[in-house]
Amino acid sequence: MITRDFLMNADCKTAFGAIEESLLWSAEQRAASLAATLACRPDEGPVWIFGYGSLMWNPALEFTESCTGTLVGWHRAFCLRLTAGRGTAHQPGRMLALKEGGRTTGVAYRLPEETLEQELTLLWKREMITGCYLPTWCQLDLDDGRTVNAIVFIMDPRHPEYESDTRAQVIAPLIAAASGPLGTNAQYLFSLEQELIKLGMQDDGLNDLLVSVKKLLAENFPDGVLRPGFA
């Protein structure tokens with residue numbers, strides 16, 4: 001499980017699994033990306049982060065406020081080939097990102113201004129290890145009626161590990177089989193399902209994928225013990 005201590009001490013070359021050297025971003029590249037993002041800060045208001053995946057149940061951030069909300073214009077998609085963390089180059093899985101169209105519900109976190117760069121540096125180490133996302137300022141509609149500007153990690157379709165085919169029948173076998181140093185790919189999907197249920201949120205785009213992955217696991221692990229890597 002990713003924790004603050006893990007992120008602070010992690011050697012990005014090894015902590016998440018074997019990452020192809022050509023894909024791995026240096027600390028300097030991450031810092032430049034963060035600086036470029038902050039240079040585009042739309043106003044002097046607080047900085048919010050939008051979590052639509054594991055940031056919802058495990059932010060590992062120091063924040064002053066959180067609120068559920070909706071991002072219009074983007075939807076969840078398992079469109080990132082996963083070769084580290086919960087997958088390997090030999091048996092890749094799929095990781096969550098955002099693609100254009102639709103809407104996404106999630107959790108927004110307001111970061112403290114006095115430690116803003118420290119928190120964002122940790123976040124960039126977590127999310128931008130290979131530069132697979134485009135950190136983008138977007139307007140969020142919070143459930144309490146406010147509209148805020150937030151940093152959102154959107155899939156970069158130019159990234160070498162971007163996968164355009166996100167049909168359930170294509171990606172379910174990958175997710176059901178993949179695992180890595182951070183656990184199984186399937187457990188990530190199920191944690192997402194559980195968090196959405198807990199928050200009273202619905203994402204119909206995940207339904208077919210959840211059904212397919214659970215069916216594959218039931219067929220291959222009838223005793224209920226998840227042993228990854230069956231494919």
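Placed from the backbone N, Cα and C atoms, the Cβ positions cover glycine too.
Annotation source Swiss-Prot lists active site, proton acceptor at Glu127. Marked as substrate binding site by Swiss-Prot on the basis of similarity to another entry: Ile49, Phe50, Gly51, Tyr52, Gly53, Ser54.
The Cβ of Ser54 (substrate binding site) lies under 8 Å from the Cβ of Ile2, Tyr188, Ser191, Leu192, each of these being in the same chain and 6 or more residues away along the sequence. Excluding the listed site residues Ile49, Phe50, Gly51, Tyr52, Gly53, Ser54, the same chain places Leu55, Met56, Pro59, Gly106, Val107, Phe153 with Cβ atoms within 8 Å of the centre of the substrate site Cβ atoms.
According to DSSP, Ile49 (substrate binding site) is assigned to a strand segment. Note: Ile49 (substrate binding site) has non-local neighbours Leu55, Pro59, Leu61, Phe63, Ala108, Tyr109, Leu111, Leu123, Ala150, Ile151, i.e. same-chain residues 6+ apart with C-beta under 8 A of its own C-beta. The two recorded residues Glu127 (active site, proton acceptor) and Phe50 (substrate binding site) have their Cα atoms spaced 12 Å from each other. Within 10 Å of the C-beta of Gly51 (substrate binding site) we count 21 further C-beta atoms, all protein chains included.
The Cβ of Gly53 (substrate binding site) lies under 8 Å from the Cβ of Arg76, Leu96, Tyr188, Leu192, each of which sits 6+ residues away along the same chain. Take the CB of Tyr52 (substrate binding site) and look out to 10 A: across all protein chains shown you find 24 other CB atoms.
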